[in-house]
Amino acid sequence: MSLDIASIDTISEINMDYTATIFLRQRWTDERLCFEGNKSLSLDGRLVELLWVPDTFIVDSKKSFLHDITVENRLIRIYPNGTVLYALRITTTVACSMDLTKYPMDKQTWGYNINDVMFYWTRGNDSVRGLNTLRLAQYTVEDHYTSVSEAVYETGRYPKLVFHFDLKRNILYFILETYVPSILLVVLSWVSFWISQSSVPARICIGVTTVLTMTTLMMGARTSLPNANCFIKAIDVYLGICFSFIFGALLEYAIAHFCTLQRPEYKNSTEKKLFMDDELDMNGSIPAVTSRKSQQTETNDANKSENCKMCCLALSVMRRLLCIFYCFQVENPHHIDNYSRLTFPLSFMIINVFYWVYYLYF
């Protein structure tokens, strides 16, 4: 058996199949067809019904048909030693299970009773031709090879020839269609960091518009994919990252605007002085307890001093907690925008580096 790949017309991720047109050639020897002479004999395709032919079928075929323009596209040629060449032109839709985890940076690999008939490739890997000159819209043929195996059914063990070919998806289309627009939307959401916080309509308009546009882009990217949620694809991860940054920019303005409305006043000098006194207490400086009483009351004074020390220690812990909470308060809300101008782009670039290295090289 050998075959030529005329074309691969459609590769559908939604239906998990592909459609291909192939020239299938089978050779076998039937001693009953031997005749004298040294030239082969070509017969009309309609005479195939008078000959024995192997029950060859495509295992995962969903739908197939034999071309019949202008006549049925099949060839029968008989050689003097009884060898029969039977060639067909078939278009078939074949089911294939795809692993879309790294979509759109994925690669896909796709492949009667042995007592009665045995199948083998005529020339090994060279039995399949046509892939070297094949041009596909979204894929590049990287490799192909053949193998021989057996299919075990209830009726017996059957020989099976398997043809494997590796297709690598061209990512340039998805970069221009999905990745570049999503990156531009993220950058657009950062424009609000340079707009005054008093311009509420402008900043809210940018935030809401970028969120809605990103949502539309995410929905459009899934139109050509199956509805199964059993795996997360690489493009889903990237769009989720972009959506998180855009939504984070919107939340950043909400936080900054809230801090502007609730900005605490600077503490007066009295409060600062009290805070400094508390710091002295937290460092363990406890005033010495003196007494002008006689020597008999020293024991009672020591107990009182111990109780006072425990109370001061508890109070110091509470003041430390309040001090930590005070550190998280933003005295100048405009600094939030200044920090965001640096942290958002820097973190987005770092995440992009990890994303592309992981999905391209692992």
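Placed from the backbone N, Cα and C atoms, the Cβ positions cover glycine too.
Whatever TrEMBL says is automated annotation, not expert-curated.
Here the structure is a predicted model, which means the values were calculated and not measured.
Database features (TrEMBL):
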DOMAIN    1-170  domain 'Neurotransmitter-gated ion-channel ligand-binding'
DOMAIN    178-295  domain 'Neurotransmitter-gated ion-channel transmembrane'
TRANSMEM  171-195  transmembrane segment
TRANSMEM  201-225  transmembrane segment
TRANSMEM  237-256  transmembrane segment
TRANSMEM  342-361  transmembrane segment
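The list of residues near the transmembrane segment (342-361) in space but at least 6 beyond its ends in sequence, with Cβ under 8 angstroms from a Cβ of it, reads 102, 105, 186, 190, 193, 234, 237-238, 241, 245, 248-249, 252. As a whole-number mean, the pLDDT of the domain 'Neurotransmitter-gated ion-channel ligand-binding' (1-170) in this prediction is 81.
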